[in-house]
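According to Swiss-Prot, the feature iminosuccinate binding site maps to His46, Ser63, Tyr141, Val142, Asn143, Ser162, His256, Pro257, Glu258, Thr273, an assignment based on sequence analysis. Annotation source Swiss-Prot lists [4Fe-4S] cluster binding site at Cys110, Cys230, Cys320, citing sequence analysis.
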Amino acid sequence: MSILEKVQPIETMLPERYYTMSTEDMEKRVREIKEKMGETLFIPGHHYQKDEVVQFSDAAGDSLQLAQVAASNKEAKYIVFCGVHFMAETADMLTTDEQVVILPDMRAGCSMADMADIEQTERAWKELTKLFGDTMIPLTYVNSTAAIKAFCGRNGGATVTSSNAKQMVSWAFTQKERLVFLPDQHLGRNTAYDLGIPLDKMAVWDPHTDSLEYDGDIEEIQVILWKGHCSVHQNFTVKNIENVRKNHPDMNIIVHPECCYEVVAASDYAGSTKYIIDMIELAPSGSKWAIGTEMNLVNRIIQQHPDKEIVSLNPFMCPCLTMNRIDLPHLLWALETIERGEEINVISVDKQVTEEAVLALNRMLERV
């Protein structure tokens with residue numbers, strides 16, 4: 001079941017008046033509430049959020065940075081998370097019971113996270129155990145549900161982000177002979193390959209057919225990749241790179257490792273959202289860059305670096321649609337309900353799930 005199926009209508013019904021308010025009036029009200037609430041309110045915002053939302057973030061970052069920020073914040077009573085559902089779940093699990101995590105729009109899910117549900121994962125683990133016994137350890141990208149994080153926690157595994165994937169995959173191989181990486185096959189493949197594992201020692205698990213996709217002796221398999229992907233980064237292609245090389249031969253190409261292996265291999269650089277931001281920041285004035293990641297972030301980088309020539313690797317790219325569900329009207333609505341003493345769209349993860357998921361999260365956080 002996806003998060004969209006779990007949404008209660010009352011939680012996502014933005015009152016009509018927010019559609020008719022001017023941007024200026026909404027921004028004014030957000031500032032007033034932030035000033036009034038002070039440190040009792042904390043607004044983390046992911047880099048992929050719209051500018052209209054990011055401008056009010058108390059901390060902006062990628063998944064790892066926001067997880068660390070959530071874990072360290074003990075002052076705020078209300079954490080209004082401007083990101084997607086799995087990020088708000090992570091914040092809820094890493095904060096105290098007294099802190100309340102709110103997602104301004106409960107429809108802000110993640111298609112990648114929905115590509116691995118707990119029933120599929122338990123079934124896959126059972127079948128893979130028949131083949132490989134006790135030789136596997138699971139790692140899950142943080143872009144996954146709390147239930148999947150809990151699965152990894154109780155099976156000795158951990159979470160990873162694109163910033164620390166190499167560290168965590170290296171650690172995993174000190175624990176077991178084989179790695180099961182979910183839900184993003186591309187990050188898993190690119191990371192394992194960077195660490196020297198040949199492509200022919202990687203298999204793919206298809207959760208829809210409950211089958212292992214691999215040609216060869218299965219005893220040779222070191223990495224089992226879940227057949228999932230990011231719908232945004234899937235849209236960057238080798239053809240995009242060929243077009244840039246042809247029309248702008250002096251342009252650097254930098255992409256996110258959620259792109260497929262062929263795109264990453266053909267690029268000049270690949271790394272996390274933070275890595276991309278830092279690379280552009282440190283690049284010399286006049287340098288040229290084609291960036292393969294989410295469009296809101298690319299546009300923000302372009303605005304912040306007018307001294308550099310920067311374009312999207314895919315000129316027809318669109319933003320992450322679920323991230324974009326968090327907008328200024330929904331942010332203001334969430335804040336005004338808090339101001340009235342109400343709590344809507346509260347993210348509350350089951351206690352048992354939290355305990356097991358935190359095991360996986362802490363195995364990551366203590367190593368980065």
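Yeah, the Cβs are placed from backbone N, Cα and C, and that goes for glycine too.
If you compare Cα positions, Glu258 (iminosuccinate binding site) sits closest to Cys230 out of the binding-site residues Cys110, Cys230, Cys320. Taking the mean position of the Cβ atoms of Cys110, Cys230, Cys320 as the [4Fe-4S] cluster site, the remaining residues of that chain whose Cβ falls within 8 Å of it are Tyr48, Val84, Ser111, Met112, Asn143, Ser231, Val232, His233, Glu294, Thr322, Met323. The CA atom of His256 (iminosuccinate binding site) is located 11 Å away from the CA atom of Cys230 ([4Fe-4S] cluster binding site).
It is 12 Å from the Cα atom of His46 (iminosuccinate binding site) to that of Cys320 ([4Fe-4S] cluster binding site). Here iminosuccinate is bound by His46, Ser63, Tyr141, Val142, Asn143, Ser162, His256, Pro257, Glu258, Thr273 per the record. The longest Cα to Cα distance in that group is 17 Å. Between the C-alpha atoms of Cys320 ([4Fe-4S] cluster binding site) and Asn143 (iminosuccinate binding site), the distance comes to 14 Å.
In sequence order, Met112, Thr159, Val160, Thr161, Ser162, Ala165, Phe181, Leu182, Pro183, Asp184, Leu187, Gly188 constitute the residues six or more apart from Tyr141 (iminosuccinate binding site) in its chain with CB-CB distances below 8 Å.
Taking the C-alpha positions, the distance from Cys230 ([4Fe-4S] cluster binding site) to Asn143 (iminosuccinate binding site) comes to 9 Å.
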